[in-house]
Structures are given as C-alpha cells and as structure tokens.
C-alpha cells in the first residue's frame, strides 16, 4: 500500500544520511574517522538485529563500528571497567550500551548509562544529556524522539505549534524526552500511562498521537479523531511478525498521516543515532556544528 498518508521513515532517514555523508567526507579530509563502540551483554535476538543494522549503516556511511560483547554472566565490574576504558580511548567518539541488559543487571541500567561520558553518549540518555535537553543547552537529543520531531516538521512544514500532541507511554527513552521536545515546538502536550483514566477521552483530542508502549494494535480507530496524525513507535514480535502499537489497517481511512511498522520510526532512530555520533565527533575536535 503506497499513499501520501503513509509516513516513509526510510525516505526521511535517507535525507539525513545524505547530509551525513558530506560531513563524514569533510571529517576524513581532516584525518578524522568517526568511531562508535557498542557494548552488548548476553544473547538477545532483537538486540543482535538492532546492533547489526546500526553497524551496517555505519559501515556504509564510513563510520567505524566496533562491538564488545559479553556473556550473560558478565559482572557489573566488567561492564563498568569497559565503559571507563572506552571513555578514555580518544579514537572512540560514540558509545552505546545496548538495552535491554540481562535480568540481573536491569536495576543497574541507569547507572551504566551515566558512566558513559556525556561527550560520547550518542543515545543521549544519560542524566547530563537529558538535563541538557530539558534546559535547551544540549547539541544532541535521544534518537527516537529526535526522529519523530524531524518527521513531524517535514509533514507540517516546520509548523506544529499549537497542536495537541498526545503521547501514550512515559519511558525515559521515548515518552519523557519527546514531551519536552514537543513543548519546545510549542505543542500542547499530554502524556498517557497505565494510571490514566479514560484514555480515549484524551486520544480523541489529539492532533498528533504518538503510541510508544509496546502493545500490539493497542490503538484502534474509535480512539482517534478524523484527520489525526499518528506516529507508531511500539514494536511487538508475534508469530515471527512485527506489529506496532497501532492497528494500521483500522486507522488508515481516518488519519491524515500514519507511520507504519516496520519502515516508519525505526529508520529514523538509526539516522539520528548516526547524526548524534557525527555531532559529538565534531565537538570533540572543536569543529563547528550545524544547528
């Protein structure tokens, strides 16, 4: 199904990659080769897939990408020591600690993210960079929210101010940072969560609805108003197939724009990760960055 209603995340991501290729060529003229290190723990098929996609795109762009993989039984000290070593490695410009961590380390996820140097935190998820996002002083922002803002600005010709934006989900990766970024664009923002009463009352008021909870086909057509723009962030694997939080076919006739799963937000997340990596590389070398 091809339609101007369907938000083509792959196409928008390619716009970013085109700009990054030029920046990377310019960096290499200065003998600077951007480099990312990803730290992984355990065997998680989804994480393996995501990191493989990131590595392939980095290689295609001309960014070095190294993976440090630990077994399920890795200790917290091993990970802490590794992050410290990579922080000190001047050849590494960006660091990823791939989430989720194994069950016995889940409580330590936040601490490990905060161990990454803010100047190498290309996911932009440690406390320093989230604080910078809220205060408006950071040069980078979390990748998925950044990709969503990019798409919305393209769809609405850079003017989303005054729109009612409703986010289903309040995660530290998507919902919370996205709410601040939408506020900065002068949207009126609501965040819905498991304790929200009468969710439909809120979703029906949304000009822009973002679903980010990881529940298969949670959002149905009766929950939105005619002409809403719907962004589907959630991914659920069921019977070897990927599903979003939004029942795409049910909503299609009612929306003005809708992002598919896959092919919507996912490519934008990867594009913005690479964009953050180049931004931080340039900052580390005291080079001017584009706003």
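Note that Cβ sites are derived from N, Cα and C of the backbone, with glycine treated the same way.
Automatic, uncurated: that is what TrEMBL annotation is.
For reference, TrEMBL has these:
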- 7-123: domain 'Tetrahydrofolate dehydrogenase/cyclohydrolase catalytic' (DOMAIN)
- 142-283: domain 'Tetrahydrofolate dehydrogenase/cyclohydrolase NAD(P)-binding' (DOMAIN)
- 169, 170, 171, 235: NADP(+) binding site (BINDING)
(message) Taking 10 A as the limit, how many CB atoms besides its own sit near the CB of residue 171 (NADP(+) binding site)?
(response) 16
(request) Would you mind listing, in sequence order, the residues at least six apart from residue 170 (NADP(+) binding site) in the same chain with a Cβ closer than 8 Å to its Cβ? (result) 176, 179, 191, 193
(request) Based on Cβ atoms within 10 Å, give me the single least packed residue among the binding-site residues 169, 235. (result) 235
